[in-house]
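Peer 1: Handing you a structure now.
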Amino acid sequence: MERIRACLVAMAVATLCGVAQVRSSSSDHRYKAGDDVPLYANKVGPYHNPSETYRYFDFPFCSSAPVKEKNEALGEVLNGDRLVSAPYKLEFLTEKDAEIACKRKLTKKEVAKFRTAILKDYYFQMYYDDLPIWGFLGKVDKEGKADPSDYRYYLFKHLIFEIHHNKDRVIEVTVRSDPNALVDLTEDEPVDVDFMYTVKWKETNTPFEKRMDKYSLSSSLPHHLEIHWFSIINSCVTVLLLTGFLATILMRVLKNDFIKYAHDDESADDQEESGWKYIHGDVFRYPKRKSLFAAALGCGTQLFTLTIFIFILALVGVFYPYNRGALFTALVIIYALTSGIAGYTSASFYGQLEGENWVRNLLLTGSLFCGPLFVTFCFLNTVAIAYKATAALPFGTIVVILLIWALVTSPLLVVGGIAGKNKKEEFQAPCRTAKYPREIPPLPWYRKTLPQMAMAGFLPFSAIYIELYYIFASVWGHRIYTIYSILFIVFIILLIVTAFVTVALTYFQLAAEDHEWWWRSFLCGGSTGLFIYEYCLYYYIARSDMSGFMQTAFFFGYMACICYGFFLMLGAIGFRASLLFVRHIYRSIKMIALRTITYIYILQSFIIRILCWELGTGN
């Protein structure tokens, strides 16, 4: 077993190294006057559709030199980055004024393509010494024109680069378009375009280590921080109120139950137990479809571990703004390395539930989350290929992902499953399970599964909905999100509220003598994921300007996978909290019962001794 683990770890390290080597060797970012500083053109796309991006030279730009593609890491490709050498040459400390980069005669078809792009607010993105720069392709003149057919469409042909340097390092770069250098593309006629550029250099005292700070300042502005702190205060108030409510209600009710149970010895033979005590022989009866339940628990535990690792990397500063593809690389690698946790958790819990077909359980664990994700990816990748967008993954990248899955994810899943199977730990049930299940009494509609899920998901969602807007605006927009510490606090609050709400609903379910709480606690805990998906619909309609089939498919498709992941993760948290609670209350009842039996035995022994003593004295 140890040899297998060592081989798999070595395999994982080799895979990581292989992925890391995809990135081309980076320089130390030090230059001398006249040195070539790398300028890469990345992608072009509509401003309001962040997933719908195209290669820079898919549009009729020109270049005076052969176009060279930059080698990119796995995360960069997953992010839709396709860097190529730009047509502009920006040598270090070399200023230029209205220099012609290249010339091109646009055909009618190319003019129409540019005009459509300008109408949809297409922008371009470039990287200069790994610093991002953006600009729009052109503008639409609507001033004084009520009829859209009278609009004038202009292409920007002159870019002005302003670069700040600190000695031998590039610190900041911005680009703007010359409003006086325009090409009229309103008519479907061939047009000659001279693409020009100007370069201006300025010196600054900003150190190289802080050159990325300006990109994160937007999310740290005072009015934004006030909203974030308001979100945290709102969440904390929710937690305090919920905690106080549960502590007051549950503890008082449980205390009364315990006192009544402890002082009800004399009439124990004449009265039947009621409420949650009545079903002590059924509460630990194993759930239906226990293989699926164990697989869901394993996947949820893996996703929770993945989230914790991502937060750790974010808090130590790995995901700084425009660290291209770092998040996607981390997600792929950490998910692959944590698959052993899913296998171990699922197989060990399945063994506790006396399951026998552990191979089927492992297959179910491996496909429960990856299966829907793979199907969604295949559909969306096909859409991206049809659109010829950069979101379509190249064949080589798909092969790399499949190799990671085959050489890292699957072996670690099997190893974890074998370790969990060999653990052979019995399920710790304080009460003995009866041979035949009790019949569940008729329940009112609000105690059914769907109403309970609605109540369970609303409170956790209300604790995070303010922060959700900023996350959506970052993932599906151009806003920068860097306040990971606040996001981590909100995540902890989400976990606490989910656990408390699930425990409360589990108690009310048991009090109604409904002993099928296993799946209910998981579904109630994960129901927040359904609320998040409902928020997706609201965000798409009311808070964004996304449009088109591809962007809509990408938004709802990948958000469905993310919300499904939240469902599994929070469902596992809800079930674990409910399991601890149920074990605790029934263990307490068992201790009270044992204590009562002990008292009765002592009392009986004392009475027998007195009788024997009196009989002995009478003789």
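Just so you know, glycine gets a Cβ as well, placed from its N, Cα and C.
Annotations for this protein, taken from TrEMBL, read as follows:
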SIGNAL    1-24  signal peptide
TRANSMEM  227-250  transmembrane segment
TRANSMEM  292-320  transmembrane segment
TRANSMEM  326-350  transmembrane segment
TRANSMEM  362-387  transmembrane segment
TRANSMEM  393-415  transmembrane segment
TRANSMEM  453-472  transmembrane segment
TRANSMEM  484-510  transmembrane segment
TRANSMEM  522-541  transmembrane segment
TRANSMEM  553-575  transmembrane segment
TRANSMEM  596-616  transmembrane segment
Peer 1: So which of 362-387, 484-510, 553-575 has the most C-beta pairs under 8 Å when paired with the transmembrane segment (453-472)?
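Peer 2: By Cβ pairs under 8 Å, 484-510 leads among 362-387, 484-510, 553-575.
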Peer 1: Please check if the transmembrane segment (326-350) comes into contact with the transmembrane segment (553-575), where contact means 3 or more CB pairs closer than 8 Å and the residues in each pair are separated by 6 or more positions.
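Peer 2: Between the transmembrane segment (326-350) and the transmembrane segment (553-575), contact is absent.
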Peer 1: Short question: which residues 6 or more past the ends of the transmembrane segment (522-541) have a Cβ under 8 Å from it?
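Peer 2: Same-chain contacts beyond the flanks: 293, 296-297, 300, 449, 452-458, 460-461, 465, 468-469, 472, 476, 494, 498-499, 501-502, 505-506, 552, 555-556, 559-560, 562-575, 577-578.
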Peer 1: Take the transmembrane segment (553-575) and find every residue of the same chain, 6 or more past its ends, with a Cβ under 8 Å from one of its Cβ atoms.
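Peer 2: Long-range Cβ neighbours of the transmembrane segment (553-575): 51-52, 296-297, 299-301, 303-304, 307, 368-369, 372-373, 376, 379-380, 383-384, 391, 456, 460, 476, 494-495, 498-499, 501-502, 518, 521-530, 532-533, 536, 540, 546.
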